[in-house]
Every structure is written in C-alpha cells, then in structure tokens.
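Peer 1: For reference, the structure I am asking about is given below.
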Amino acid sequence: MKNKLPPFIEIYRALIATPSISATEEALDQSNADLITLLADWFKDLGFNVEVQPVPGTRNKFNMLASYGQGAGGLLLAGHTDTVPFDDGRWTRDPFTLTEHDGKLYGLGTADMKGFFAFILDALRDVDVTKLKKPLYILATADEETSMAGARYFAETTALRPDCAIIGEPTSLQPVRAHKGHISNAIRIQGQSGHSSDPARGVNAIELMHDAIGHILQLRDNLKERYHYEAFTVPYPTLNLGHIHGGDASNRICACCELHMDIRPQPGMTLNELNGLLNDALAPVSERWPGRLTVDELHPPIPGYECPPNHQLVEVVEKLLGAKTEVVNYCTEAPFIQTLCPTLVLGPGSINQAHQPDEYLETRFIKPTRELIIQVIHHFCWH
C-alpha cells in the first residue's frame, strides 16, 4: 500500500545509508543485497511484482526487476544501485548520512545514482497503477561502476521488450540520446633479459614497444581521419596511451613492457571492427616478433550508443522538457538496454558531481523530476 512508503526524504536517507560500493579491488567491493532488499520491499508495498536476479561472475551482486501490468510494450525506468568507493580524507561529511545544506542533498550516491529510485517511488504515490494500459518496469542493476555486469546480464537473459526506456543517470534533466563507448586494453611485450653489455644476447621489450607505439599512433590518426560524428564536441574516436611500465634496471635488457591504452568509439562502430583495426595496426610487430606481443582487455568493452533522433521517445521527452536531446562523452548502461528498446539517459543531478568528494544533488531537481516521471508513465503506460 502507498501509505506504507516512508516520506521521500526518508527513502532517500535509507538508500544513502545502505553501502553498495563497486570496486575492482576485492577489499573495497561490497554486495548490493541489502539495497536490493530495501527496494524490493518498497515496490512490493506498491503492488509490484518483484524479481531478484543473481548476477553471475560477481561478488554476491543482484539485479531487481519490479513490474506492474502485463502485455507487450510499456516503459522501463532503469538505474544502477552501486556507487564508486570514496576517499575518506577528502569528504567533509559522512558519505552514508544524507545531509541537507544550502539547497543540496549530500551523500554518496545522491546524484550517481541511488537517488533516482527515491524519485520513482515518490512519484508512484500519485500514479494509479491499476489503470495502466501497458506495463511499467523498474530495473535496478549491479556493478555499473566497474564491469556493468548487471545490465549486461539482464539484457542477455530477459525476454522483455518495452516500447522504450529511460536510465536516470545524472544529466541535469537534459535528455541524452547518444554517447561514445570505451575499450581499454593492455599491450604486453615479452622480450628476453640479458646484461646490457651485450644487447645482441637479449630482446629489449622497450624497443619493441617503441615500434608498437608508432603503429598505435598511426591508428589514432587514421581514426581521426576516417570517422566523424559532428554532434560530439570531440567529433571522432579518441585513442589515449595512459600507462606504461617496463624494465627494472638500467644495466639489464628489458624483458617485459606493458602499455595501457583506451579507445572511445563513436556510435555505430562495432567492437569487432575496433579489435580488427587494433590487431591490423600491430600486425607488423607481431609478424616480426612472433609470440612476443599480446593484447588483453583491461575490462569488458562498452560499445557506443545512440537512440534514433526521430523516435517517439525523443519527441515526447523533448516536448515535455522543452529541450533538445544531447550527446555526451561519458559511458552508461544505455548500450545494453538499447538492445531491448529505444533508450534515453535522463535524470536529476549533475554529472559533475559524480565520483566527487561531498557528492550532492541540488534540491531544485526534486519537483521537476517527480513531475517528469509521472508524465512519462502517463504517456507510455496509460495511452
């Protein structure tokens, strides 16, 4: 029953008080089970059917799907339950205690993005779900901040095909219809160690990496010349060399060298296409030095994403907000949800607050976010 729900601010407070950090380091990584239980209980109180889905390959992480109504189509509202780790020395407030000051709600996950679920629950107080003509789905995912395992697994296993979806990431209520992807690789070269007094007796991995980097930089230039998407502020795929390490002493021939790099592909470029371009670029080195160069993923790749600009979802949201859709450079779960249905990224709070000490959401977003959620439910589930 709706009267069982706590007030909006208490829902928000409970979400922030329930830690659900995602991290690649096992010591920092936390299960989101308690947060999923909170959400599941609240949606059950509203009469929703709730399914909790364990996510394989994670450390006790779960997705939750709350649904009301049956039949084809409908609306999916989605978000992730996890947060990034926090630097205790840089926060001036308790990250797990919601505090309000000067028109801002402070706490880890206030903007990115536990707060979105508080907005959904509060908006549903004013929606008579018994009158829905199409189903309404609420998806809460795991591990967006690391592997995006929750969204990947849900998209791979669900039979749902809603009419459209909105992911409530912090966009300052500016609708986003496209973003670049992210591929991060480790280039590793295995040389042969030896004393520096006789270089011919070894294979210097740093020298081989120098050769490889030349080919990678040529790929970077080719990407800039061949691919264009003018809506982006950086209108081509970027390639960055971010980290390199090799050798251990000035008088030893370097046996190992490792380079970390990333590519941010634009929408429409497939992951297979990018892997092929990288392998082709490195082929001269691999052919000259067989078995010494390997390419490994640092994390599962994220493709670029785009919602068709002429889709009904774009038209409806632009009309409701009086704002045109945008494209952004950061990544979300949208590429995976987009495999199910046309998807927009749209939510309260600023992306500039994401992953920052003293993260906050401005209270000016409360009323318009609540109204927007009610409006999109009415449009896509009542008509």
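Backbone N, Cα and C define each Cβ position, glycine as well.
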Peer 1: With H80, E169 listed by Swiss-Prot as Zn(2+) 1-binding, which of these, D41, D45, D112, D198, is given for the same site?
Peer 2: D112
Peer 1: Since Swiss-Prot lists D112, H355 for Zn(2+) 2, which candidate among E145, E326, E333, E371 does it give for that site as well?
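Peer 2: Zn(2+) 2 site check in Swiss-Prot: besides D112, H355, the record includes E145 out of E145, E326, E333, E371.
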Peer 1: Provide, as an integer number of angstrom, the distance between the C-alpha atoms of E169 (Zn(2+) 1 binding site) and E144 (active site).
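Peer 2: Distance (Cα to Cα, whole Å): 11 Å.
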Peer 1: Between H80 (Zn(2+) 1 binding site) and E145 (Zn(2+) 2 binding site), what C-alpha distance do you get in Å?
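Peer 2: So the alpha carbons of H80 (Zn(2+) 1 binding site) and E145 (Zn(2+) 2 binding site) sit roughly 9 Å from each other.
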Peer 1: State the Cα to Cα distance, in Å, between D112 (Zn(2+) 1 binding site) and H355 (Zn(2+) 2 binding site), rounded to an integer.
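Peer 2: About 8 Å separates the two Cα atoms.
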Peer 1: Most Cβ neighbours within 10 Å: which of the binding-site residues H80, H355 is it?
Peer 2: H80
Peer 1: Write down the Cα-Cα distance for D82 (active site) and E145 (Zn(2+) 2 binding site), rounded and given in Å.
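Peer 2: Here the two Cα atoms lie 7 Å apart.
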